[in-house]
Amino acid sequence: MPKLRSATSTEGRNMAGARALWRATGVKDNDFGKPIIAIANSFTQFVPGHVHLKDMGSLVASAIEEAGGIAKEFNTIAVDDGIAMGHGGMLYSLPSRELIADSVEYMVNAHCADALVCISNCDKITPGMLMAALRLNIPVVFVSGGPMEAGKTKLSDKLIKLDLVDAMVAGADSNVSDEDSAKIERSACPTCGSCSGMFTANSMNCLTEALGLSLPGNGSMLATHADRRELFLEAGRRVMVLAKRYYHQDDESALPRNIANFKAFENAMTLDIAMGGSSNTVLHLLAAAQEADVDFTMADIDRMSRLVPHLCKVAPSTPKYHMEDVHRAGGVMGILGELDRAGLLHTDVFHVAADEGGNLKSVLAKYDVMQTQDEKVKHFFMAGPAGIPTTKAFSQDCRWPSLDNDRQEGCIRSREFAFSQEGGLAVLSGNVAENGCIVKTAGVDESNLTFVGSARVYESQDDAVAGILGGEVVAGDVVVIRYEGPKGGPGMQEMLYPTSYLKSRGLGKACALITDGRFSGGTSGLSIGHVSPEAAAGGTIALIENGDRIEIDIPKRSIKLAISDAELNARREAMLARGPMAWKPIGRERYVSLALKAYAMLATSADKGAVRDRSKLED
């Protein structure tokens, strides 16, 4: 029987000092011997997805203590990618993922916690906590802050739904009046919560459901809705169930590495492809798999992308649906149910929502709205928006008049009526990206599935933005932004501003963009990121020159620089001849702090999840 980890600091006379300190935090005589459950919160007033999380730790703690545990809360940092975007702040976003993972590990191991509840929400916080949870391998439950309500406003007497991307595009579009731009800006992000489309934050919170580490509704229940309160309470109760199963019954199925195994990672990626999730999820799943010692690679993602249909289309891929609409259609469990009926899901995997002895199949039987007989579950998925601006959680209790069970023309489709039989993400490879790159096909217009154009090369995102807004980029160009990978940036910046500005100049369907950086979950269009190897690691993207012909063929999963092998080799030799300046951007001026330099020294390319190069840390 496993011994409580916390016994290390609570048992024996030699731990009298540690017990004295525990007592100073409120622990009583009869508490010693109970499991200590760490609550990793990520409250901050900088981020709308986290601004309402201040009291959530106390809510989870109340359920833990009622179930017989000791709850101790700590906080992590949280970077808002939207606020950090478009300037040097974005260099810190991806590196913050590793910092969050390390900080959770530090706190949990330093204090010998027995189990963990992760309160996350936005872009790098959920992945960072996920990496930590799989690294620690103690019982864990994830519960997120929930999505923001979609914005709504009237333009030309027509009511439209909005999100963050609409504000960015309108702000850069000279054809939009100052009045309309301001109106969109004020309406785009009306409430607390993670941005309202299928962007990175919501994608990752959905994937924790598919991995088996969070409760049904975690990815789709609105941050403002009163029903979300129960998710926090149940997370506290459920982590105690898992802790007792492991420490009292020696049941290792309660551990995250046995829940999030290879099959679960396949389920998560299947969901991601089916719902057209953010391309960043590929990066984060690859990183999490390494922490879990699961051999899940780009090759698996490529294989699955050819098999899984696109069953759920959400903003930014369409203005019609946002996360509140996904929830009304049954949320993640609704999509997983359709994937199961299509024979594309492993249902024999463990899940934190399953009763002892149960698995994902039993969870779907209860929570898939197309098969459940539970009226409470149906009521749960009818939770809707109030349309009232607020920063407060649980502030409203509005309901849709009915569920969206239309699997032919609704938000979630059956395989027969899929938005497309090709999934929402694809892995491309070729001499531009020998180790692969990612495109969110859900956001690509059918006319652009094949594209041939001339390279317009930029050594940084800043130069690309200036070039796009300055009229350098014209229809038919392939914008190449390099030296923005994990090592070369450093930090692998998101390229939402370049893609948004292409749209604002009417070039969204007339140009392609490729980069060793990454894209916001809000990106759509022919935007190809995660090019691996990156330029700073000797990738071919560093050898592309202005005017080169680049051929993109998504159906054939290829991306090619159309020059001879002899010419490519000559360019490589010329690059190597630059000596210490080889594989570095020419003429770029950028301040890189010591913290970012330390990150860059260990960073791998995107095909490895941009995690640390462990070979550099081995004895």
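Note that the numbers count up from 1, one per residue, in the order the chain is shown.
Glycine is no exception: its Cβ is also placed from the backbone N, Cα and C atoms.
With ASP81, ASP123, LYS124 listed by Swiss-Prot as binding Mg(2+), the candidate from GLU494, GLU534, GLU545, GLU551 annotated for that site turns out to be GLU494. Cα distances from GLU494 (Mg(2+) binding site) to the recorded positions CYS122, CYS195, SER520 are smallest for SER520. The separation of CYS122 ([2Fe-2S] cluster binding site) from SER520 (active site, proton acceptor), Cα to Cα, is 12 Å.
Rounded to a whole number, the C-alpha distance linking LYS124 (Mg(2+) binding site) with CYS195 ([2Fe-2S] cluster binding site) is 14 angstrom. The Cβ neighbour count for CYS195 ([2Fe-2S] cluster binding site), using a 10 Å radius over every protein chain in view, is 32.
Here the C-alpha separation of ASP123 (Mg(2+) binding site) and CYS195 ([2Fe-2S] cluster binding site) works out to 10 Å. Looking at CYS195 ([2Fe-2S] cluster binding site) and ASP81 (Mg(2+) binding site), their Cα atoms lie 11 Å from each other. The number of other Cβ atoms within 10 Å of the Cβ belonging to GLU494 (Mg(2+) binding site), over all protein chains shown, comes to 31.
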